[in-house]
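S.K.: Below are the features I grabbed from Swiss-Prot:
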type	residues	note
TRANSMEM	25-45	transmembrane segment
TRANSMEM	69-90	transmembrane segment
BINDING	H75, H174	heme b b562 binding site
BINDING	H89, H188	heme b b566 binding site
TRANSMEM	105-125	transmembrane segment
TRANSMEM	170-190	transmembrane segment
BINDING	H193	ubiquinone binding site
TRANSMEM	218-238	transmembrane segment
TRANSMEM	280-300	transmembrane segment
TRANSMEM	312-332	transmembrane segment
TRANSMEM	339-358	transmembrane segment
Amino acid sequence: MSNQHTLLMTNLLPVGSNISTWWNFGSMLLTCLALQTMTGFFLAIHYTANINLAFASVIHITRDIPYGWTMQSLHAIGASLFFICIYIHIARGLYYGLYMNKEVWLSGITLLFTLMATAFFGYVLPWGQMSFWAATVITNLLTAIPYLGTMLTTWLWGGFSINDPTLTRFFALHFILPFIIISLSSAHIMLLHTEGSNNPLGTNSDIDKIPFHPYHSNKDMLTATIMITMLFITLSFLPNLLNDPENFSKANPMITPQHIKPEWYFLFAYGILRSIPNKLGGTLALLTSVMILATTPFTHTSHIRSMTFRPMTQTLFWILIATLITITWTATKPVEPPFMFISQMASMIYFSFFFMNPLLGWTENKIMMNN
């Protein structure tokens, strides 16, 4: 009988002994979720979902409510921290072949879509200039859907333009979606622990498992403490580091900002959207940029699960990371040469990763068989 069965018999969660710090981001995401839910609740108490009062209510929270500025900044910086953690979490999954646990991976992608929707709705709520125009640009993408587009856009707006009903429903959605995220996270964790977590070697670790507590729980607490410390340092010294200067002005439908862009964590998708000079094509590319992650469990061809011992695939992975950084950078620039060309090239390289990965896996298999 393996030590996994012994641990299960004594009611202890068995976990591989060699999982690295990259496995800590799940618990850090849970910490972020708890923090965002709590700060969001206190902000919702004082927020007013009305186009004439929303901007003033955010100013009222930061100026007049005791520790309101702390809650507002924690919630704003916490959202960025959430996305930093989730992107590292996904990158770890791609690198170590965790997508082979299909149920966990696909539930994670559903979680990512829900999180992105929540963040988008939340960005609109302060009703600043960039909030309003980002909402206008993104919701307008629905009009690209043939036949139904205009009807769907009008239905989402609650009228013929972005107005009070739009803000009210966005606030309602922003309030309810975190609870859906909590439910999906529970399902994600339960699905993970039916089979157990993978490890950096990509091997079966049933013969060498240790109890989660106190070993990994202490490890999780350390990284969560480091994360919260970084959050409070940013809050104290650079609270507006990730805010758009345009959002300090109240929304004005009569004045268009010189350069409309979403929050930094959506810039990679926005860059891919802009790189295609066609509304429907750009919208499909935007959706595909995230949905393509769901193909990885079905296109894995290598006999080895993890990239730890696959140098060629490692090179491809780091090219993907560099490409995403490049797309993010070009999305902050105006729609003009050479930025558009760089963005288009980077978008092509991004999508080619998901076609090259199975081909490279097959090539590696051939090399190993010949040796």
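Even glycines carry a Cβ here, placed using N, Cα and C.
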S.K.: If you measure from the Cα of the residue listed as 'ubiquinone binding site', which of the binding-site residues H75, H89, H174 is the nearest?
M.R.: H89
S.K.: Please report the Cα separation of H89 (heme b b566 binding site) and H75 (heme b b562 binding site) in Å, rounded to an integer.
M.R.: 21
S.K.: Could you check if the transmembrane segment (280-300) is in contact with the transmembrane segment (170-190), meaning 3+ Cβ pairs under 8 Å among residue pairs at least 6 apart in sequence?
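M.R.: When sequence-distant Cβ pairs are counted, the transmembrane segment (170-190) does not touch the transmembrane segment (280-300), since fewer than 3 lie under 8 Å.
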S.K.: Any residues 6+ beyond the ends of the transmembrane segment (105-125) with a Cβ under 8 Å from its own?
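M.R.: Those are 47, 49, 54, 58, 79, 82-83, 86, 89-90, 93, 98-99, 131-132, 134-135, 138, 166-167, 170-171, 173-174, 177-178, 180-181, 184-185, 187-188, 191, 262-263, 265-266, 290-291, 293-294, 296-297, in sequence order.
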S.K.: Hey, which bits of the same chain come close to the transmembrane segment (339-358), Cβ under 8 Å, at least six residues off its ends?
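M.R.: Contacts of the transmembrane segment (339-358) (Cβ under 8 Å, skipping residues fewer than 6 from its ends): 271-272, 274-276, 285, 288-289, 292, 295-296, 299-301, 313, 316-317, 319-320, 323-324, 326-327, 330-331, 333.
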S.K.: Give the one range among 25-45, 69-90, 218-238, 312-332 whose Cβ atoms make the most pairs under 8 Å with those of the transmembrane segment (170-190).
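M.R.: That would be 25-45.
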S.K.: Distance between H75 (heme b b562 binding site) and H188 (heme b b566 binding site) at the Cα atoms, whole Å?
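M.R.: So the alpha carbons of H75 (heme b b562 binding site) and H188 (heme b b566 binding site) sit roughly 24 Å from each other.
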S.K.: In whole Å, note down how far the CA of H188 (heme b b566 binding site) lies from the CA of H174 (heme b b562 binding site).
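M.R.: Their Cα atoms are separated by 21 Å.
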S.K.: List the residues of the same chain that sit at least 6 positions away from H188 (heme b b566 binding site) in sequence and have their Cβ under 8 Å from its Cβ, in sequence order, or write 'none'.
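M.R.: Set apart from H188 (heme b b566 binding site) by at least 6 residues yet with Cβ under 8 Å, we have V104, S107, G108, L111.
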